[in-house]
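S.K.: Can you read through this structure? Questions will come right after.
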């Protein structure tokens, strides 16, 4: 998900960090032992429990100076990216820039203790920032009701954390999987374009700009306010945007030069701030960040909003941003874990991210998760453990304590350039093209989510993405696939005739494979579909002047389960075929299906043991021998 100076495809080229390093075993072998509580002393059980709840106790005792050196390098490297991105993403969420730095300090420290990923770099991310900003701004103005907007942002973050931690605690991580990859690709791409277009306000120096997030109103605002375009702002903005995109391109082409794109945002901030100070940019119409408060995160528990007319808005915003943050964070964690051959516990990650956001909401932070761009840099820089997050947080802390005055002359336009260069990696045309070639329905889901975000709203685009994912699941559940099987000449093997051209029909038989469990949602469809197969086969045999149809064999190998409605449907199908003087037999049913059929006395009596066979070839042989003695 997220943004990266190095795409996942390029990451395996950096594997020298994985070779001959003792740190590999720290997180790959020991986690399996923490569940073995039996026959352990009380003290050992306590240690195992602490290691399970706080993974830092698992790898901490084996931590070495060599690992620390690697983590310091990677931590400082991602800090150079996290500081400018944190300020920029806070702007994207319509929050004060300092909130972005606060959110890059406390959450990484908490994740380092609770998280199980070695490579995940935690902080604000573009999509969650955009969604939170757009949802809250629809109801509350961040300019006119600044305090209320802050309250709602912190409260939404709190509820996002509660939702995330609850999913992990109740082991309901599958909820996040309802956002399929194709719909996420479309949603992320559409959101990236909307984010980029919104930054035209800063790049062009426009003062009066629409607060709507749709493509049409944004473009109307851009070309309707051409009189406000400022050439000084445009020159500076596009110059640094080209610099950032060039650095990103270099790092993508040569992964070993990942540090170029990692350092580019901070370098751009330093250069633009210097230019702004020397040439007095404010006098030329270039707006700057201005004063940023020095010091660490102030407590914000007193700002949480638990009663009033806006509570439902905070809860809704929290749940939606929480889902997006979880989806990105877990996907990123698993991606890099697979590259280093270790496992990430999804439910523990949900709890870690949830607790991190709950604590963050009480310390002036908004929604955070694992960022793809920072995690990619973290991986390439040679991070070995979550200590890199602690190093990054320490660098952010130093910045907040001593370097805040240096940001006074930083132009707002540079923040827009950083955001555009960051989110542009979310637009994945190559994957969309692959979807078109591989699965048209997945491509349709991707495009619906994309255009929903682009032309309606970010929230509606997300709802469309979820709706399409649910529809795809329902379609597959309610319309399971059934195929005709034929015999491969010279063998006892039966295969899909649509896939194997050499497969041949067996005279007097219709062999069908059901490739799904039989539930109440699909049993009537299956019954109707099988009867249609029967009618079509009878018509074909008459037309081709072949042997009349005598027996239907249902290959049940892929039917992993059947409920009472499914058994009733099988009984009705049996009765309907008996009336047509056709025999119905079942082949290769799994143990659970046999057990349920046996428990249902009526169904078992109707079929009988002579209608159930171990496999298709046994069913065909047995029924064929019986047909010889029939007139």
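Along the chain as shown, the residues are counted starting at 1.
Just so it is clear, glycine is given a Cβ too, placed from its N, Cα and C backbone atoms.
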S.K.: Between 352-370, 371-389, 390-408, I'd like to know which one TrEMBL lists as transmembrane segment.
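M.R.: Here TrEMBL associates transmembrane segment with the stretch 390-408.
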S.K.: Pick from 67-84, 121-138, 211-228, 229-246: which range does TrEMBL record as transmembrane segment?
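M.R.: Residues 229-246 are the ones TrEMBL records as transmembrane segment.
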S.K.: Among 23-47, 148-172, indicate the range for which TrEMBL gives the feature transmembrane segment.
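M.R.: Of 23-47, 148-172, TrEMBL gives transmembrane segment for 148-172.
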S.K.: Can you tell me which recorded stretch out of 184-209, 229-246, 303-326, 390-408 has the most Cβ pairs within less than 8 Å of the transmembrane segment (414-436)?
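M.R.: Comparing 184-209, 229-246, 303-326, 390-408: 184-209 has the most Cβ pairs near the transmembrane segment (414-436).
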S.K.: Who are the chain neighbours of the transmembrane segment (303-326) in space, where the CB to CB distance is under 8 Å and they lie at least 6 residues beyond its ends?
M.R.: 125, 127-128, 131-132, 135-136, 139-140, 147-148, 150-152, 154-164, 167, 175-176, 179, 350, 353-354, 357, 361-362, 367-369, 459, 462
S.K.: What counts of helix, strand and coil residues does DSSP assign across the domain 'STAS' (499-623)?
M.R.: 65 helix, 21 strand, 39 coil
S.K.: Counting only residues 6 or more past its boundaries, what in the same chain has a CB within less than 8 Å of a CB in the transmembrane segment (148-172)?
M.R.: 93-95, 99, 132, 136-137, 140-142, 300, 303-306, 310-311, 313-315, 317-319, 321-323, 325-326, 346-362, 364-367
S.K.: Cβ under 8 Å, sequence separation of at least 6 from the ends of the transmembrane segment (229-246): give me the contacting residues as numbers and ranges.
M.R.: 202-206, 264-265, 268, 271-272, 275, 281, 284-286, 411, 413-414, 416-418, 420-421, 424
S.K.: Grab the same-chain neighbours of the transmembrane segment (95-113) for me: Cβ-Cβ under 8 Å, and only residues 6 or more beyond its ends, written as numbers and ranges.
M.R.: 54-56, 82-83, 85-89, 120-124, 133, 142, 149-150, 153, 289, 292-293, 296-297, 352-353, 355-357, 359-360, 363-366, 368, 386-387, 389-390, 392-393, 396-397, 399-400, 404, 407, 415
